[in-house]
Amino acid sequence: MHAWPASEVPALPGKGRDLRIHDTATGGRITLDPGPVARIYVCGITPYDATHMGHAATYNAFDLVQRVWLDTKRQVHYVQNVTDVDDPLLERAVRDGQDWTELAERETALFREDMTALRMLPPRHYIGAVEAIPGIVPLVERLRDAGAAYDLDGDIYFSVDTDPHFGEVSGLDAEAMRLLSAERGGDPERPGKKNPLDPMLWMAARPGEPSWDGASLGEGRPGWHIECVAIALDHLGMGFDIQGGGSDLAFPHHEMGASHAQALTGEHPFAKAYVHAGMVGLDGEKMSKSRGNLVFVSTLRREGVDPAALRLALLSRHYRSDWEWTDQVLAEAVERLARWRAAVSRPDGPSAEALVEEVREALADDLDSPAALAAVDRWAALQSAEGGTDEGAPGVVSRTVDALLGVAL
């Protein structure tokens with residue numbers, strides 16, 4: 001599966017700061033020092049509907065991570081998956097009378113278009129769950145043969161009790177885990193499981209649903225968590241720098257994935273930092289496909305909204321915060337974009353040297369994009385009020401905003 005085209009990232013003078021990021025597993029900020037190649041895995045979409053602003057907010061956060069690392073002169077090995085076979089996708093296809101593969105391909109193509117328009121840097125590897133199945137089967141077999149997985153009526157489950165580190169990612173107690181498991185695709189009430197929290201690794205073939213050759217596992221399809229583990233281990237290995245996604249993935253998805261990988265390799269941790277973006281709401285509820293309370297990126301683009309304004313709207317909220325999408329949020333972003341473009345359109349202006357460092361410092365401090373925007377606002381206000389004589393300043397500001405915030409002025 002191919003990703004989307006990359007926009008050019010301008011080189012800035014000097015060197016960026018090392019990233020200090022909030023780690024869900026420890027509950028505090030840690031400073032990451034990835035070495036010459038930073039490694040990041042971000043969980044991708046389940047392609048049964050268009051990209052909404054909640055999706056965009058998540059991918060914006062991890063785009064900032066890439067840009068901070070690139071500014072430190074590192075290479076970035078970024079991997080993202082597509083969950084192109086899953087119950088919600090199959091259910092939507094049946095509801096709408098569509099072929100599930102055509103639905104997945106169409107929505108994945110639209111996602112690529114949205115990411116291109118928003119100038120999100122693409123992953124080096126963009127991998128669908130279906131194409132990963134040949135690598136998933138032997139991992140499930142290894143877990144079963146090692147006693148970390150068991151058969152239940154033809155389905156294969158992972159035994160969470162075999163991982164001594166289970167629970168470290170989310171920090172939740174057993175009851176909270178059980179409640180969230182039931183809400184987020186688990187089956188804690190299924191009789192016969194060793195632990196109610198045990199997640200499915202391999203689902204035996206069901207009538208009317210797609211299935212694949214699972215060798216000794218039998219015909220079926222993989223569970224959600226093992227898909228990401230297989231892709232991450234194949235392309236990044238253990239101990240990569242950031243496992244990223246929305247905050248609703250901390251449990252069960254990232255918790256279970258870490259346990260799968262740790263049981264497979266005997267190594268810990270799966271990732272050095274677990275980084276989670278907040279939820280975007282609409283009308284008082286989390287924006288989600290299941291609720292149908294969605295604002296689509298593609299719809300806003302068709303209505304003529306500049307993608308750069310959408311990007312600024314996302315950047316106006318800290319990535320870890322939960323926030324509401326409103327017309328006012330968008331209006332403020334449109335107005336900010338106009339101010340910035342007017343400021344950099346002049347032939348000269350106030351010195352921008354301090355601005356570059358302020359934006360760098362803000363983003364290195366747990367991706368504080370609101371502080372970065374405020375720094376650019378101050379320069380634009382000074383330009384509007386007093387102007388300046390530095391002929392290179394508007395260009396420096398434009399390149400800084402492009403390189404570090406992904407906004408083309």
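Each Cβ is built from the backbone N, Cα and C atoms, and glycine gets one as well.
Note that the structure is predicted; figures quoted are calculated from it, not measured.
Your range for motif ''ERGGDP' region', going by Swiss-Prot and the list 183-188, 189-194, 345-350, is 183-188. DSSP states for the motif ''HIGH' region' (45-55), grouped as helix (H, G, I), strand (E, B) and coil, give 3 helix, 1 strand, 7 coil. The Zn(2+) site is defined by Cys43, Cys228, His253, and by the 8 Å test on Cβ atoms against their centroid, the other residues of the chain that qualify are Asn81, Trp224, His225, Glu227, Gln243, Gly245, Leu249, His254, Gly257. Here Val280 (L-cysteinyl-5'-AMP binding site) is positioned 24 angstrom away from Cys228 (Zn(2+) binding site), judged by their C-alpha atoms. With every protein chain in view, the residue among the binding-site residues Thr58, Ser247 whose Cβ has the most Cβ partners within 10 Å turns out to be Thr58. Most other Cβ atoms within 10 A: among the binding-site residues Val82, Cys228, Val280, that distinction falls to Cys228. Counting every protein chain shown, 24 other Cβ atoms lie within 10 Å of the Cβ of Trp224 (L-cysteinyl-5'-AMP binding site).
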